[in-house]
Amino acid sequence: MGTPYYGRVLLKLSGEALAGDQGYGIDPRTITAIAAEIKEVVATGSQLALVIGGGNIFRGLAASSKGMDRASADYMGMLATMINSLAMQDALEKVGVDTRVQSAIAMQEVAEPYIRRRAIRHLEKGRIVIFGAGTGNPYFTTDTAASLRAMEIGADVILKGTKVDGVYSADPKKDPTAIKYPRLTYLEVLKKGLQVMDATATSLCMDNNLPIIVFDITTYGNIKKVVCGEEIGTIVKGE
C-alpha cells in the first residue's frame, strides 16, 4: 500500500491533464487512469482534495485578451472547471471512491456549496473533495483557488500535476539547454518568473509556508510516489 508522508494533500490538475493527447475536451481513458491512481492514494490513508482547471474547455484569460469582458470570461472559465469536476467525480465513483463536489458558485442541483467545515468532515471520512468554480471570483486563477483551499482545509502540501517532470529554466520542449530545478524557494520562483503557479498563488503559499511540488501527472504511479514522500519533480518551499 505504501505509507503516506503527507496526511492531507491538495492535488491541482490543469484542465489539459484531462484532455490526454487530443489537447481539448475530456479523454475518457485519461480521466479513468487518473481516477484509478487516486484510488491507490486513498488506500494509503492519505486524505486528498482536488482542484481542476478549465483550460481544456475554455480559457478566460485568452478570451478576454481578444476583447471579451474579463469578468464574463472568467465566469465562463469557472463553469468549465465545474464540467471537469463532475467528470472527475463520475470517474472516481466508477472505481469505488466516494467523492463530493463543492462549488464556489451556487448550483445546488449538481454540487454542494463550498462549506469549509463540511469539506474537512468529508476528508476525515475518507472521501475525495473536488473544489469547483475556482474562488468564485473573477480575476483569480484556479492556481490561486488551489492555494486558498489548501490553506483552508489545512493541507500539508499542494501537488501540481503537469505534463513535464518538474520546473525548468525554460520550456524543455523548445529549449534543449533548459535546466531542471530539483528545489526552489518561493522568492526564486517569483524573481525568475518561473511557471510554477501565478504570482498570487505563489505569494499565498509563501505567506503561509505551504510547500508546492510540481511533478509529471502523465506517468502512472507518480501521485502515489509523491504522497509517499518520494522525491520526484520540483519542490518549492521557504529558505
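Cβ from N, Cα, C; glycine included.
Given the structure is predicted, the values throughout are model-derived calculations rather than measurements.
Packing around D171 (ATP binding site) is summarised by its Cβ count: 10 other Cβ atoms lie within 10 angstroms of its Cβ, all protein chains included. DSSP assigns D171 (ATP binding site) to coil in the three-state reduction, outside any helix or strand. Residues or ranges marked as ATP binding site in Swiss-Prot (evidence: sequence analysis): K12, L13, S14, G15, G55, R59, T162, Y168, D171.
Under 8 Å from some Cβ of the region 'Involved in allosteric activation by GTP' (20-25) lie the Cβ atoms of residues 56-57, all in the same chain and six or more residues away from its ends. Sequence annotations record features per position, and here Swiss-Prot assigns region 'Involved in allosteric activation by GTP' to 20-25.
Long-range Cβ proximity for N137 (UMP binding site), meaning a same-chain Cβ under 8 A and a gap of 6 or more residues, is found for A104. Look at Swiss-Prot and you will find G54, D74, T135, G136, N137, P138, Y139, F140, T141, T142 tagged as UMP binding site, backed by sequence analysis.
Excluding G54, D74, T135, G136, N137, P138, Y139, F140, T141, T142 themselves, the residues of that chain whose CB lies within 8 A of the CB mean position for the UMP site are, in sequence, G60, G77, M78, G134, T144, A145.
The two recorded residues, T135 (UMP binding site) and K12 (ATP binding site), have Cα atoms 14 Å apart. DSSP labels the residues of the region 'Involved in allosteric activation by GTP' (20-25) in these numbers: 3 helix, 0 strand, 3 coil. Of the recorded residues, S14 (ATP binding site) and Y139 (UMP binding site) place their C-alpha atoms 17 Å from one another. For T162 (ATP binding site), the nearest neighbour among the listed binding-site residues (G54, Y139, T141), judged by C-alpha distance, is G54. Each residue contributes its Cα atom, and for D171 (ATP binding site) and T141 (UMP binding site) those atoms are 21 Å apart.
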